[in-house]
Amino acid sequence: MAGADGDDSLYPIAVLIDELRNEDVQLRLNSIKKLSTIALALGVERTRTELLPFLTDTIYDEDEVLLALAEQLGNFTMLVGGPEYVHCLLPPLESLATVEETVVRDKAVESLRKISQEHSPVDLEVHFEPLVKRLASGDWFTSRTSACGLFSVCYPRVSSTVKAEIRQHFRTLCSDDTPMVRRAAASKLGEFAKVLELEYVKSDIISLFTALASDEQDSVRLLAVEACVSIATLLPQEDLETLVMPTLRQAAEDKSWRVRYMVADKFSELQKAVGPEITKNDLVPAFQNLLKDCEAEVRAAAANKVKEFCENLPEDNREQIIMTHILPCCPEVRLNIISNLDCVNEVIGIRQLSQSLLPAIVELAEDAKWRVRLAIIEYMPLLAGQLGVEFFDEKLNTLCMAWLIDHVYAIREAATCNLMKLVEKFGAEWAQNTIVPKVLGMANDPNYLHRMTTLFCINALSKACGQEITTKQMLPVVLKMSNDQVANVRFNVAKSLQKIGPILDSNALQTEVKPVLEKLASDTDMDVKYFAQEAISVLALA
């Protein structure tokens with residue numbers, strides 16, 4: 001029995017049995033989590049002869065208890081007496097690898113893979129490999145799916161006769177009647193290919209890959225695409241064209257968007273695996289098609305790979321491929337290139353880029369979809385930094401000003417914020433000469449929304465422009481607008497004065513701002529009054 005001080009490391013197996021039969025799941029879970037302590041107390045001999053058989057017999061519990069057990073057993077090698085007895089852990093893990101709940105099976109397979117490394121080659125053939133065979137030919141699909149994850153860990157360390165059996169089992173599972181088993185086999189195809197001898201990669205794996213890639217279930221076909229990356233890395237260049245490319249071309253045009261998405265998602269890895277020649281002849285047209293795919297998800301996945309794809313193109317014709325094949329594709333791609341401008345810039349060079357990108361930027365800046373316009377605005381400060389102030393003033397300044405009078409409020413708001421970032425980048429003097437006069441000019445616009453944009457811009461720019469420009473150039477315009485016919489403009493004057501107040505000197509506040517706010521505080525409109533009074537109290541002008 002446990003010592004008087006309640007030391008639970010001496011739990012006898014009887015107490016464990018009681019706890020594991022208790023109705024309270026939490027109690028059962030806790031006792032499973034204490035297994036290593038119990039095993040230590042029992043010693044290696046009793047752990048092997050009493051604890052493991054008991055655990056093997058009682059596998060019919062809640063999933064969370066079984067999950068904890070599957071995990072614990074993966075760390076049990078030393079507790080059963082080290083590598084020479086590690087095979088004692090196989091029976092309970094084999095049972096766990098066949099249960100219905102996927103997470104439990106996966107954890108059991110993970111633990112089996114871990115302890116397979118601790119088996120000697122002899123034990124692997126005597127104990128581990130028969131377990132894999134039993135799972136592979138089990139009646140339930142659950143055990144057959146688990147087997148798929150175990151072939152690659154035992155294959156490298158067994159005799160050639162056993163290797164042949166393992167290959168045969170894997171072949172059988174690749175054409176299993178149950179889609180879940182074919183899916184499991186397809187997901188392990190690349191991993192299995194890596195441990196096979198090259199002759200068997202060519203004779204076995206390629207035919208399995210081709211079959212799985214044209215499976216009736218798209219969930220199987222898309223996993224074959226993942227395997228394609230590993231297989232392509234293993235084959236000599238001259239075999240790729242005949243053995244891999246026909247299947248890959250077919251996947252890139254698959255009728256299911258999920259399969260095309262997987263091709264797009266793995267594109268950079270595929271590109272590295274097949275090398276520059278095949279990339280130029282085969283992958284560039286395939287990539288173009290994915291960028292123009294009818295499904296937005298596929299286009300987005302491909303657009304995300306633009307930067308890596310361009311970086312990995314062979315240098316001698318990189319620029320030509322980007323300019324003629326990639327850039328013209330669709331708004332998402334151009335946006336993606338613009339968002340990765342600093343990286344693409346390193347690949348192509350800014351002069352070349354600005355000439356070819358400028359038409360794209362202008363086109364996107366006026367795109368009918370306001371979200372595209374919004375995305376371009378957000379990249380403007382980055383573009384400005386890359387292209388420099390002269391280029392910016394010459395080509396892009398007009399665009400930035402045009403956005404301030406866009407009919408969508410979100411665009412006007414983003415354009416205002418963009419101006420602030422540009423001033424932070426190019427400095428107050430640039431703002432004074434280039435931006436401020438145009439912004440202030442809008443104060444006389446017949447459309448009151450544009451007049452309000454002037455106020456929003458002043459709010460955003462005052463801090464970056466500093467006290468002198470704010471007081472001498474901006475303040476007079478704000479004060480003049482306090483007489484606007486539209487109440488919305490007037491209450492925004494009050495809000496602007498509150499915003500720029502802290503930048504002004506106290507003389508301007510007292511002699512110019514205070515009288516205007518006082519006038520607005522007795523306005524006929526409720527909102528104007530409210531915001532004027534708020535500004536007076538915040539600026540402490542009362």
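Using the three backbone atoms N, Cα and C, a Cβ is placed for every residue, glycine included.
The repeat 'HEAT' feature in TrEMBL is assigned to 12-50 (among others). Model confidence over the repeat 'HEAT' (12-50) is summarised by a mean pLDDT of 78.
As annotated by TrEMBL, repeat 'HEAT' applies to 89-127 (among others).
The domain 'Phosphatase 2A Regulatory Subunit A helical' annotation in TrEMBL covers 89-270.
Note: the repeat 'HEAT' (166-204) comprises 33 helix, 0 strand, 6 coil (DSSP; helix = H, G, I, strand = E, B). Positions annotated as repeat 'HEAT' by TrEMBL: 166-204 (among others).
Here TrEMBL flags 205-243 (among others) as repeat 'HEAT'. Residues 170-171, 174-175, 179, 182-183, 185-187, 189-194, 196, 198, 250-251, 254, 256, 258-259, 261-263, 266, 269-270, 273-275, 277-278 of the same chain lie 6+ residues outside the repeat 'HEAT' (205-243) yet bring a C-beta within less than 8 angstroms of a C-beta in it.
Per TrEMBL, the feature repeat 'HEAT' maps to 244-282 (among others). Under DSSP, residues within the repeat 'HEAT' (244-282) fall into helix, strand and coil as 32 helix, 0 strand, 7 coil.
Among the features that TrEMBL reports, repeat 'HEAT' is placed at 283-320 (among others).
Taken from TrEMBL, the feature repeat 'HEAT' covers 357-395 (among others).
Panel annotation: around the repeat 'HEAT' (435-473), residues 401, 404-405, 412-413, 416-417, 419-420, 422-424, 428, 480-481, 484, 486, 488-489, 492-493, 495-496, 499-500, 503-505, 508 of the same chain, lying at least six beyond its termini, place a Cβ under 8 Å from a Cβ of the stretch. Residues or ranges marked as repeat 'HEAT' in TrEMBL: 435-473 (among others).
What TrEMBL lists as repeat 'HEAT' is 474-512 (among others).
Proximity of distant same-chain residues to the repeat 'HEAT' (513-542), defined by a Cβ-Cβ separation under 8 Å and at least 6 residues beyond the stretch ends, is recorded for 475, 479, 482, 487-488, 490-495, 497-498, 501-502, 504. If you look up TrEMBL, you'll see 513-542 (among others) marked as repeat 'HEAT'.
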